[in-house]
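S.K.: Here it is, the structure in full.
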Amino acid sequence: MSAVVNAGARLDRLPVFAFHRRMLWLVGLGMFFDSFDNTLSGAVLAQLLKSGWSTLELNSLFMSATFVGLTIGAAFAGWLSDRYGRLFAYQFNLLIFGVMALASAVAPNMEVLIGIRFFMGIGMGAEYVMGYGLVTEFVPPSKRGRYIGLLGLIAGAGVFASSLVGMVVIPNIGWRAMFVIGGLGTIWVWWLRRHLPESPRWLERVGRGEEADAIVREIEVEAGVTPYVAPHRPATKIGGAPSKSVSFGVLFSKGVISRTMMAIMLNVVCLFGSYSLTGWMPTFFVQQGMSVTKSLGFNTAMMAGFLAGPLICALLSDRIGRRWGIVLFGVICAAVGAVYPFLEAPVAVITCGFLLVSAVAVFLTLGLGGTPELFPTEYRFRGGGLAQMVGRAGLIVSPFIVLYLFENFGITGVIGAISGLYLLVALVMAVAGLETNKQSLEDLEPEVVDSPQAGAVHTTAQR
């Protein structure tokens with residue numbers, strides 16, 4: 001009888017131990033600096049606007065160039081990781097990200113900075129696609145929601161750190177130092193992550209069973225668990241032939257298209273809401289007459305919600321599940337967002353803003369973190385990459401939409417539009433959402449009818 005790998009079942013039966021925590025930090029630190037560099041755009045652009053180095057129109061072009069790069073990066077990372085492996089794609093994109101961040105620090109004018117930002121965005125586009133997906137493939141189902149929240153917490157710390165550091169560094173040293181900090185940090189993480197293991201689930205599906213088995217055995221030995229093969233789940237023979245290639249078209253096949261559309265909707269709203277708040281809030285405050293320093297202070301206090309939100313997610317996600325968590329916090333986002341524009345007292349603005357950002361951060365973490373659970377290993381990252389690609393593509397035009405709303409309706413129009421989108425997603429998820437909580441990735445796989453376009457995928461879905 002031939003030996004089998006059964007990577008998924010073996011990884012799922014492991015206790016959460018030092019290996020998982022180590023992976024959490026190595027993956028999370030990359031997302032930390034991704035968030036840091038994404039968020040610094042708000043503070044940097046506010047300073048560039050105040051100093052006359054840029055204009056609102058050039059600021060919009062800067063943000064759109066970022067989103068074009070992020071869009072390309074997300075799509076490319078999804079294909080690259082499903083084709084050549086998670087680790088290769090992860091490290092390749094992170095290196096681009098770090099080098100371009102350092103190049104941004106020496107940009108001679110706004111036009112050059114916009115061009116560099118485009119290439120930097122390509123590198124950054126992979127981080128969230130890869131980060132949540134990689135952790136999802138290693139962490140046992142019973143703790144997956146908690147680790148999604150903790151990963152979001154580390155990433156959210158990058159948002160808060162960027163706001164805090166920007167408040168101190170930009171007025172005293174200048175905006176260029178922000179890119180130096182982000183670039184050096186990213187290169188450091190790239191070096192630390194060079195020994196991360198490849199995903200055994202992916203190796204098994206592409207026919208590299210011996211490598212998958214070796215990695216799982218190393219993890220089992222470190223965990224003090226005797227190697228075991230679960231008898232109830234299909235397994236790949238060590239050294240066996242890879243599964244039939246699955247084309248991109250499978251994402252639009254009968255058994256998968258509803259999940260693809262759900263993932264796209266979640267990513268569009270998650271990214272639009274998050275970037276509209278973090279990217280534009282300092283500029284809104286400056287345009288309403290605040291000094292840059294005071295604007296950044298207000299923004300920093302509110303951005304602390306990107307710490308509180310993922311922490312709430314880590315505590316609740318495995319209890320209430322991703323589906324109903326998205327419904328609950330979508331409603332909270334809409335409700336708090338409806339009140340926020342009418343507040344005037346500084347304490348009320350900061351307090352309500354903090355609550356709004358916290359709810360947005362929970363929603364963002366659940367939406368982005370839950371996306372990889374919707375797709376099988378063969379095309380998990382292409383599915384997540386497509387969803388983020390469409391979400392990022394929406395962000396290409398979003399700065400101009402936000403600018404139009406702000407100039408014609410003030411901050412009320414901007415927050416009102418965001419709130420409406422959150423409420424819409426909450427309703428859709430309540431009616432048609434898929435619950436992934438505490439289920440193995442293999443049990444969550446949808447049934448797909450064999451076709452020349454989709455390839456053969458024989459799986460079972462459980463709701």
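Each residue, glycine too, has its Cβ placed from N, Cα and C.
Any TrEMBL annotation is an automated prediction that lacks curation.
Heads up, here are the entries from TrEMBL:
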type: DOMAIN; residues: 23-437; note: domain 'Major facilitator superfamily (MFS) profile'
type: TRANSMEM; residues: 23-49; note: transmembrane segment
type: TRANSMEM; residues: 61-80; note: transmembrane segment
type: TRANSMEM; residues: 87-106; note: transmembrane segment
type: TRANSMEM; residues: 112-135; note: transmembrane segment
type: TRANSMEM; residues: 147-167; note: transmembrane segment
type: TRANSMEM; residues: 173-192; note: transmembrane segment
type: TRANSMEM; residues: 264-285; note: transmembrane segment
type: TRANSMEM; residues: 297-317; note: transmembrane segment
type: TRANSMEM; residues: 324-342; note: transmembrane segment
type: TRANSMEM; residues: 348-368; note: transmembrane segment
type: TRANSMEM; residues: 389-406; note: transmembrane segment
type: TRANSMEM; residues: 412-434; note: transmembrane segment
S.K.: Hey, which bits of the same chain come close to the transmembrane segment (87-106), Cβ under 8 Å, at least six residues off its ends?
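M.R.: Long-range Cβ neighbours of the transmembrane segment (87-106): 30, 33-34, 37, 73, 76-77, 80-81, 113, 116-117, 119-120, 122-127, 130, 134, 176-177, 179-180, 182-184, 186-187, 189-190, 193-194, 196-199, 381.
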S.K.: What is the pLDDT of the domain 'Major facilitator superfamily (MFS) profile' (23-437) when averaged and given as a whole number?
M.R.: 86
S.K.: Using a Cβ cut-off under 8 Å, which residues of the same chain at least 6 positions beyond either end of the transmembrane segment (147-167) come close to it?
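M.R.: Contacts with the transmembrane segment (147-167): 16, 20, 24-25, 27-29, 31-40, 42-44, 128, 131-132, 135-136, 139, 178, 181-182, 278, 293, 296-297, 299-300, 303-304, 306-307, 309-317, 361, 364-366, 368-370.
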S.K.: Counting Cβ pairs closer than 8 Å, which of 61-80, 324-342, 348-368, 389-406, 412-434 has the most of them with the transmembrane segment (297-317)?
M.R.: 348-368
S.K.: Under 8 Å between C-beta atoms and at least six residues away from its ends: which parts of the chain pack against the transmembrane segment (61-80)?
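M.R.: Sequence-distant neighbours of the transmembrane segment (61-80): 38, 41, 45, 54, 88-89, 92-93, 110, 113-115, 117-126, 128-130, 248, 275, 279, 381-386, 388-389, 391-393, 395-400.
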